[in-house]
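J.: This is the structure, below, for whatever I ask next.
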Amino acid sequence: MSINVAYYGVPGSFSEQALLDYFPNDVHAINNEKFEGVFKLLEDESIPYGVVPIENSSTGAVNAIYDLLNKYPYHIVGEVYVKVEHHLLGSKKATLDTIKKVYSHPQAFEQSKPYLDQHGWELVPYYSTASSAEYVKQADDLSIASISSQKAAQIYDLNILANHINYNTTNTTRFIVLGKNLKVNSSCDKISVVFTTEHKAGALYSALKYFSDFDINMLKIESRPVVHTPWQYYFYIDFEGNLNNPSIKKAIDSMKTDCMYFKLLGNYKSGVN
Ligand SMILES: O=C(O)C(=O)C[C@]1(C(=O)O)C=C[C@@H](O)C=C1
């Protein structure tokens, strides 16, 4: 029986690619055009997983996803890295000279900025990179193009007007797999948490020092504003470990005592980059 998995975008988006890489067999993919839409789809009992982008190697965090991870009760149960190559797509008769406007996801604009800066095109932020291709196909207008994947060019039958326009040749996006429950098995080697600390000298240091005390390798820190309390922050931390390891348990219990708010986001197997 196939398993229902929600993803961001439409067929040909990088999130769909991430889903297919993570769930290569028997999957029924259900899409949504908004990041929060993917989280909402998981409210349906028949959809156990969702796939969304969280971080890009050139342009950094996808902030909206960090905020949604804290807002919804889901867990990170996996991650997958996808090499992201952007192309400029246009309708069959379009050329670089006919283009006036370019549609894409804002992250794709950032990842292709030096190329776009060479042209005077108007940039129109749109939904996913693949929806942008779909839009260009439907509009059938020589003056518009999208920044999308090669797969989107095939699906929406568009021409590639310029290849590989992302400035970083190792441009990679990390996607997370959302699930409803915390799932810990022996292959899980990465933990994600979010917390707030008191607004006083040394508070963050106190919470983080347990990584050193318990010899735990911290992988990432990201901060996001606590919206209704100006200048307070949620700290999102990724670190190596398995929740069944007693010293990881102790480190987390100690950390909690230094935090005003603490949420365990997940323990999962790190993806291959
Ligand atoms: O638009 C898509 O195809 C997506 O999956 C979204 C997204 C993102 O938001 O980071 C994913 C990968 C690329 O970095 C650009 C866009």
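The backbone N, Cα and C atoms fix where each Cβ goes, glycine too.
Sequence annotations record features per position, and here TrEMBL assigns domain 'Prephenate dehydratase' to 4-180. The domain 'ACT' annotation in TrEMBL covers 192-269.
Context for these features, please: burial, neighbours, distances.
T.: Over the domain 'Prephenate dehydratase' (4-180), the average per-residue pLDDT in this prediction is 98.
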J.: Just give the helix, strand and coil counts over the domain 'ACT' (192-269), going by DSSP.
T.: 23 helix, 29 strand, 26 coil
